[in-house]
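Asker: The following block contains the structure, expressed as structure tokens.
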Amino acid sequence: MRGLGVGAIAFDWATAAMIGSPIAAPIFVLFNVLAGYVILVYIIMPLCYWNNLYDARRFTFLTSHLFESSGKPYDLNRVLDTKTFTLNVEEYDNYSRIYISTFFAISYGIGFATLTATLSHVFLFDGQYMLKLWRQATSKANVNFLDVHGRIMKANYAAVPQWWFHLLLILVTALSIYTCEGFGGALQLPYWGILLAMAMAFFFTLPVGIITATTNSTPGLNIITEMVIGYIMPGKPLANVVFKTYGYMSMTQAITFLSDFKLGYYMKIPPRSMFVAQLAGAVIANASYFWTAWWLLTDVPHICDTNMLPDDTPWTCPNDSVFFSASVIWGVVGPRRMFGPGSTYAGLNYFFLLGFLAPAVVYLFYHLFPEKKWIRLINFPVIFGSSGGMPPNKSINYNCWFIVGFIFNYWVFKHHKQWWGRYAYVLSAALDAGTSFMGVIAFFALGNYSIYSVNWWGGVTDDYCPLAKCPTEPGAYIPQGCPELH
């Protein structure tokens with residue numbers, strides 16, 4: 001679905017849960033996400049398209065692909081030195097600026113707002129609480145602050161020694177530095193880049209963790225890592241993606257690690273067993289991911305190339321497409337050329353200010369009208385962070401996510417609360433696991449015979465609009481399968 005997706009639904013759990021399990025989202029988060037999605041897709045984007053903002057009609061409506069000024073797909077080989085993987089500035093100046101769809105551009109602006117909104121919201125609403133937690137965590141007498149679960153765990157199980165964490169940190173840091181500095185410096189990132197990425201992950205883990213703990217929604221702050229290294233080392237895409245991975249993913253994995261520890265905390269699993277299980281799981285998962293990726297890249301013809309694949313193929317790689325485009329925007333071209341003064345998308349920097357001020361407005365109204373408890377539930381990091389996931393997410397993902405979440409967390413919770421409390425989260429986990437197992441079974445049972453879908457009326461993925469994937473500006477480049485407009 002590459003259009004507005006009005007009324008688009010699916011009976012597929014993978015589609016509904018692409019932005020996270022809808023059953024695990026609190027009801028106020030459902031409405032925050034819905035508000036952000038509706039405002040972006042059905043108010044902001046039609047206005048942008050109507051006014052042709054950033055030449056919106058020249059490009060496909062919802063895509064993460066890169067374009068020339070004429071609307072043709074951008075030929076990266078003309079500006080990238082394939083031997084050194086660095087930008088050829090002279091060729092870039094003689095060729096064309098990089099253009100992106102207006103939807104993709106606004107999505108980046110929302111990403112800017114998410115960053116500042118997260119910091120502003122946490123400071124205003126949770127600043128004192130965060131300071132209190134920090135003092136408790138660093139206090140030698142913090143046993144006095146333990147709840148009943150903490151006292152049971154402390155009485156029955158030995159805590160994980162701090163030196164386990166310190167040793168693991170030293171080993172992983174040393175290995176990461178060797179990976180970047182070794183192999184002839186092929187990854188382009190020097191040792192200090194690893195240390196800077198670690199520092200950024202350390203700084204953002206606490207505020208983002210608070211948002212995650214209170215909303216079960218983790219804002220995507222990958223843009224700040226891309227931006228920082230993009231300004232420091234422009235024209236080096238490998239350095240950019242490596243820094244982004246170490247910075248953003250370290251924070252994300254830290255929050256996931258804490259979430260799993262919290263689950264083990266309530267289930268009374270010994271902390272040391274949790275630590276070992278987490279470490280073993282990380283090693284096994286990474287080895288499996290690497291082997292699977294290598295196998296798919298070498299075994300599936302034209303993988304991720306949507307121009308060469310059939311319409312019903314599952315190998316379109318939407319997340320990887322966004323990752324690749326981001327590496328070009330932030331790494332090859334650099335943020336100064338894309339978003340700096342005089343650039344095509346310089347106006348998107350105002351989203352930083354918007355994100356900073358939006359939580360302050362909520363904070364002000366909350367204190368002016370303290371009897372209106374619902375004002376406190378307006379969460380701009382969630383509003384910005386969720387809607388900023390398009391692309392790769394599509395309208396159908398948000399439609400299904402909200403419908404499923406509303407059914408379980410409002411109707412089922414209201415009328416069958418006992419069932420909800422006993423089975424809701426179990427069902428969510430079962431659907432996640434079942435979808436994963438079914439994906440593997442379907443691949444080996446059907447995928448090897450090039451059978452990717454069942455031919456029935458509900459399996460049609462057409463937008464029912466030929467212009468959903470086509471430019472509408474007369475004279476623009478016309479992709480294959482699109483009508484020519486005059």
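Numbering starts at 1 and runs along the chain as it is shown here.
Any Cβ shown, glycine's included, is placed from N, Cα and C.
Pulled from TrEMBL, these are the listed features:
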| type | residues | note |
| --- | --- | --- |
| TRANSMEM | 26-50 | transmembrane segment |
| TRANSMEM | 98-124 | transmembrane segment |
| TRANSMEM | 163-180 | transmembrane segment |
| TRANSMEM | 192-213 | transmembrane segment |
| TRANSMEM | 275-297 | transmembrane segment |
| TRANSMEM | 347-366 | transmembrane segment |
| TRANSMEM | 396-413 | transmembrane segment |
| TRANSMEM | 425-446 | transmembrane segment |
Asker: Would the transmembrane segment (26-50) and the transmembrane segment (275-297) count as touching if the test is at least 3 Cβ pairs under 8 Å, pairs 6 or more apart?
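Answerer: They do not touch: fewer than three Cβ pairs between the two stretches lie under 8 Å.
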Asker: What stretch of 98-124, 396-413, 425-446 shows the most Cβ pairs under 8 Å to the transmembrane segment (347-366)?
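Answerer: Per the Cβ under 8 Å count, 98-124.
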Asker: In the same chain, who gets a Cβ under 8 Å from the transmembrane segment (163-180) while lying at least 6 residues past its ends?
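Answerer: Non-local partners: 187, 189-191, 193-195, 198, 242, 246, 275, 279.
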Asker: Any residues 6+ beyond the ends of the transmembrane segment (396-413) with a Cβ under 8 Å from its own?
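Answerer: Contacts of the transmembrane segment (396-413) (Cβ under 8 Å, skipping residues fewer than 6 from its ends): 1, 5, 7-10, 12, 15-20, 22-23, 25-27, 30, 33-34, 37, 41, 419-420, 424.
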